[in-house]
Amino acid sequence: MARKTLRARRFFSLIFPFFFITSVYAEQTPESAKTVTVEAKNEMFAPQHPDQYQSWKATSEQSAREDALAEDPRLVILWAGYPFSRDYNKPRGHAYAVTDVRETLRTGAPKTAEDGPLPMACWSCKSPDVARLIQQEGEDGYFHGKWARGGPEIVNDLGCADCHNTASDDFAQGKPALTLSRPYAERAMEAIGKPFDKAGRFDQQSMVCGQCHVEYYFDGKNKAVKFPWDEGMKVENMEQYYDTIAFSDWTNSLSKTPMLKAQHPEYETWSAGIHGKNNVTCIDCHMPKVQNAEGKLYTDHKIGNPFDNFAQTCANCHTQDKASLQKVVAERKQAIHDLKIKVEDQLVHAHFEAKAAWDAGATDAEMKPILNDIRHAQWRWDLAIASHGIHMHAPEEGLRMLGSAMDKAADARTKLARLLATKGITHEIPLPDISTKEKAQKAIGLNMQQINAEKQDFLKTVVPQWEDQARKNGLLSQ
């Protein structure tokens, strides 16, 4: 009997770890990980939050497209070799988030889920379907593959579940239930000492916007979104971070400079400005409390210009009248614009002069310090101008960054002049005609007729298939 008991103990001592291991892995199987609580269809919340929903829908009224390349063809040269040289429009209403990322020439004209120039990460700020997919597939699963893979999945415009925990009891009771629906944004806030779950409501209001209105890059083989805040949020901090990891978004096709492309760093620039330092949040200015027809207060989700709701926004703090404040803002905007153009002129020359140096036989060693100056100059310029509201958020910081960019561009051109002289080139390097977007695109070798034709074919053939598939899968309302 004792011998049988001993054998039984040995048996269970051997087999128990197996059952334990099996049970642990069973908890991590894909099937059990697919519990999804994110509802991406925004209209599902209309009955519960009618005022917020209708004001959110009104972002479709912000429909005008402004072609930034047509307005300023210099940009084509600065972004030569990068998709932004093909197409870059100024931002418009959130209701167009999915439409615009489909229609921009930057995303190409993929024919299959494995085709195209850009990664899945390019959907990350466009839709609550992103939060749903991350919950369903995990971050690694979501980021895996090309942008086109997400076409049939990411179909609802930026909305409720991007900013609110719509599955929570608080949300059901009419409370904001703010959340960071992107795990990478939560990690970034922790990196700067602002864990979301420990932040006050005012901080959370801006952190929610800071999930998308930030500088970011695509990290590693999987091209996962990461914010470059490990060293801090100032332009020099992020520059140091990128330099340390030897990161570049692309290589300028004229100067061969390893470049950085700033995105939309509103959170960083707001934080550096007087509003951010005084805890005036994004919501205070862009989503004020307004009254509905019955006199009930609600948060206006038609995100827009604070001057459109002056009494509910600016007038809460400022004693000046609307016209006076508009004049101040216009002057700051003009000052930033004027310096922006001066920096761009220097950078355009620097890119063509660098090309001339390469053509004249310059070596990598000779060009390295020059390209580093060009890289830093354009990065500082870009971080200033990519934040479209910097004249309001942090005008002093905008001018400081542009002034620094001007200095770096001047350093690059001085070094180029000396290097070109050693190659026997002492005359000014001529520029091609870049007076229009079309001429600038031709100067960098873009075949825009072909690019546009391919895009139109994609929009007519592939996108309808995406939407049909999304409806069949219940991701879009019929």
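Using N, Cα and C of the backbone, Cβ positions are placed for all residues, glycine too.
For H94, C209, C212, H213, the entry in Swiss-Prot reads heme c 3 binding site, with the evidence type sequence analysis. For C209 (heme c 3 binding site), the same-chain residues 6+ apart in sequence whose C-beta sits under 8 angstroms from its C-beta are C163, E266, Y267, C282, I283.
Other Cβ atoms within 10 Å of the Cβ of C125 (heme binding site) number 21 in total over all chains. As annotated by Swiss-Prot, heme binding site applies to C122, C125, K126.
Feature annotation from Swiss-Prot assigns heme c 2 binding site to C160, C163, H164, H301. Counting every protein chain shown, the number of other Cβ atoms lying within 10 Å of the Cβ of H301 (heme c 2 binding site) is 21. Under the three-state DSSP scheme, H301 (heme c 2 binding site) falls in the coil class.
Around the Cβ of Q263 (Ca(2+) binding site), the number of neighbouring Cβ atoms within 10 Å comes to 18. Secondary structure at Q263 (Ca(2+) binding site), taken from DSSP and collapsed to helix, strand or coil, is coil. Annotated Ca(2+) binding site per Swiss-Prot: E215, Y216, K261, Q263, in sequence order.
For Y216, H264, the entry in Swiss-Prot reads substrate binding site, with the evidence type sequence analysis. Under DSSP, Y216 (Ca(2+) binding site) is assigned to coil, being neither helix nor strand in the three-state scheme. Long-range Cβ contacts of Y216 (Ca(2+) binding site) within its own chain (separation 6+, distance under 8 Å): V225, K226, F227, P228, Q263.
For C317 (heme c 5 binding site), the count of additional Cβ atoms within 10 Å of its Cβ stands at 11 [all protein chains shown]. Per Swiss-Prot, heme c 5 binding site is recorded for H275, C314, C317, H318, and the stated evidence type is sequence analysis.
For H393 (heme c 4 binding site), applying a Cβ distance below 8 Å and a minimum sequence separation of six or more within one chain yields E266, T269, W270, A272, G273, H275, G276, S387. The feature heme c 4 binding site is assigned by Swiss-Prot to C282, C285, H286, H393, with sequence analysis given as support.
The signal peptide annotation in Swiss-Prot covers 1-26.
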*Could you say whether, by DSSP, H164 (heme c 2 binding site) belongs to a helix, a strand or a coil region?*
strand
*asked:* Checking your reading of the structure: which of the binding-site residues C122, H164, H264, H301 lie inside a 10 Å Cα sphere centred on H318 (heme c 5 binding site)?
replied: none
*asked:* I'd like the number of other C-beta atoms within 10 A of the C-beta of C282 (heme c 4 binding site), please.
replied: 21
*Here are the binding-site residues: K126, H286, H318. Which has the lowest count of other Cβ atoms within 10 Å?*
H318
*Rounded Cα-Cα span from C122 (heme binding site) to C285 (heme c 4 binding site), Å*: 28
*Distance [Cα-Cα, Å, rounded] between C212 (heme c 3 binding site) and C125 (heme binding site)*: 6
_Shell list (Ca(2+); ref centroid = CB of E215, Y216, K261, Q263; cutoff 8 A)_ = V214, Y217, A262, H264, P265, A386
*Could you state the whole-number distance in Å separating the C-alpha atoms of H213 (heme c 3 binding site) and H264 (substrate binding site)?*
5
